[in-house]
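> According to TrEMBL, the feature domain 'Response regulatory' maps to C:6-122. The feature 4-aspartylphosphate is assigned by TrEMBL to C:57.
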């Protein structure tokens with residue numbers, strides 16, 4: 001089990017970035033950080049190993065790709081990718097803008113909620129067929 | 001129980017339209033039909049009583065609003081609206097384009113699958129608070 | 001398979017009683033009717049075969065046992081009994097007054113919703129151990 | 001939607017065979033019948049179109065392949081195949097002998113339970129990726 | 001994310017109180033303690049910020065409000081409040097006395113079970129609409 | 001709450017054994033270790049208190065009982081026993097070889113995934129009736 005489970009975290013607020021990173025690291029996940037949706041959207045092809053779950057803020061900067069668009073983009077690449085959204089203002093838009101089988105964490109949330117959400121989504125992905 | 005449960009069906013293929021209408025009527029639902037997403041998008045404000053669930057095809061005509069966009073639009077209006085998509089070619093896009101807590105019926109499907117999907121989604125909506 | 005699956009329906013409104021009875025009979029269930037909670041509360045011991053699911057109205061008459069109390073009583077007897085509530089006014093009280101793993105059907109509802117609710121609850125009961 | 005959804009029913013009791021066939025046909029499914037597990041185990045490769053769900057009795061004759069073994073065999077071929085077991089005596093063995101995401105219907109059951117079980121399992125299969 | 005997620009814990013046994021408090025604090029939750037149901041029942045209106053989940057023992061003292069009654073009371077105030085019950089003797093009464101969408105932890109339980117239960121229930125609450 | 005929740009871990013790789021043990025201990029579980037399926041299969045009768053959940057590797061040595069067979073054996077003894085499988089190569093066989101209501105963790109996985117899986121399965125077991 002030397003390989004790690006990489007979770008891609010997309011968040012531009014430094015403080016939340018570190019809280020999220022610490023929570024996931026405590027749960028035994030390896031964290032990759034991106035600050036913008038554009039940066040994140042490039043990652044699947046560039047990184048090795050690929051990330052196994054996406055945790056994204058919704059508002060990623062004015063005029064920039066937001067979390068809703070990023071998740072759709074990532075799911076086009078990996079149809080069963082676990083997706084967790086984090087947001088304060090936009091949580092109420094989840095039922096219209098989110099993807100199926102995702103979790104919306106309304107800020108503020110406790111670190112355990114994030115770890116549980118990521119774990120549960122990963123555990124429910126049917127194992128890949130060779 | 002004189003009031004009916006109206007299901008809005010958005011489908012431009014006449015044959016499927018009648019199959020769907022018959023299946024839902026057999027289940028005791030009242031059916032409202034729209035042939036385009038644009039027409040459907042106008043309905044919530046115009047009809048009385050409002051529709052309680054949306055069943056929509058994905059491809060609703062070239063250059064027209066498709067089922068993905070229509071469902072997002074309808075959920076903005078009614079955040080917990082039950083949504084069932086029907087499609088042949090586009091079923092694989094559901095995980096990236098669908099809304100949370102929706103059902104994708106890949107064509108062909110049996111009438112009972114549609115009735116079960118609509119019933120299950122309606123039954124899981126938490127009763128409204130007065 | 002000569003034995004029938006008996007569903008106990010507790011409802012004092014004649015019209016709804018027959019709609020519910022017809023829907024369940026169409027689904028292949030056998031229906032036993034009680035008009036009051038008190039009458040229903042006596043049934044488990046008296047009937048043979050015992051009923052396998054309970055479908056109950058909430059308001060069962062002034063000063064009478066209501067559907068919330070009846071369901072709790074029935075679950076004391078049969079801890080995994082499928083329970084479906086039907087109500088207009090009281091649907092919003094389900095989250096505080098209902099029992100776990102039950103379904104609330106807000107009136108009006110389509111017959112298929114009732115049949116799906118009863119079937120789903122029955123199918124999720126773990127088979128009994130001999 | 002001219003293509004049908006074929007459900008393979010494996011049952012050696014003539015009476016139950018016809019009850020099950022009628023229930024599924026009423027739900028709009030097309031039914032293929034096999035009387036033994038061995039016969040059923042040959043079918044996926046021989047039929048066109050392939051069956052989309054398996055409904056099987058457990059006891060399929062002394063010294064013959066039983067329903068538990070048949071379902072495992074069929075899932076090796078089609079990992080996400082919907083599976084519904086029907087049994088009187090063996091229902092209690094489901095938690096140790098059944099496959100994940102299957103439904104156990106203890107006999108007797110109402111036709112609506114079968115149709116709901118098959119529909120629900122089919123509706124929860126993630127649409128295939130091209 | 002400076003605001004905390006407050007979990008109200010109602011438990012009169014000092015030892016369990018501290019175990020529960022420690023487990024929740026480790027998960028990043030803030031804990032408010034009440035020793036009786038009566039005390040807890042007053043809290044929603046008095047505290048700021050309001051608690052977001054309720055974790056309650058069942059037996060809260062002879063002649064006192066028990067955990068079943070407290071949870072119903074709290075759900076009347078907040079219909080989608082996450083509720084976790086803890087009990088040794090009374091766990092078997094959960095199916096008749098508990099509220100829908102709650103979790104029963106039979107004592108003894110591991111701290112991780114409590115944190116997972118609270119997190120899962122919080123994560124499944126649909127984000128509030130503004 | 002002096003009694004502990006014992007989780008039986010069956011794994012012959014020393015490294016994974018200790019990772020799993022540490023993760024579960026951090027979650028507050030007590031861990032019992034067995035290196036072979038045969039050894040594990042003897043445990044339920046020998047240990048006191050009995051284990052409450054089973055976490056097992058699939059490949060437990062050539063010519064030895066594997067994890068699939070062990071889980072079936074354990075479920076015959078305890079029909080609602082929580083089961084978590086861990087595997088690299090065999091994860092894809094879960095849908096045909098696993099038991100109902102189990103979780104498959106494809107290696108590698110993060111410790112939090114294991115703790116969440118065990119907790120979730122334990123929390124969903126209906127409390128026993130006295």
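Every residue gets a Cβ built from N, Cα and C, even glycine.
On a predicted model such as this, the values are computed, not experimentally measured, just so you know.
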> Sort residue C:57 (4-aspartylphosphate) into helix, strand or coil using the DSSP assignment.
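Where residue C:57 (4-aspartylphosphate) sits, the three-state DSSP reduction gives strand.
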> Let me know the model's mean pLDDT on the domain 'Response regulatory' (C:6-122).
93
> Inside 10 Å of the Cβ of residue C:57 (4-aspartylphosphate), count up the other Cβ atoms and send me the figure.
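The Cβ of residue C:57 (4-aspartylphosphate) has 25 Cβ neighbours within 10 Å.
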> For the domain 'Response regulatory' (C:6-122), how many residues does DSSP put in helix, in strand and in coil?
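Tallied per class, the domain 'Response regulatory' (C:6-122) gives 53 helix, 25 strand, 39 coil.
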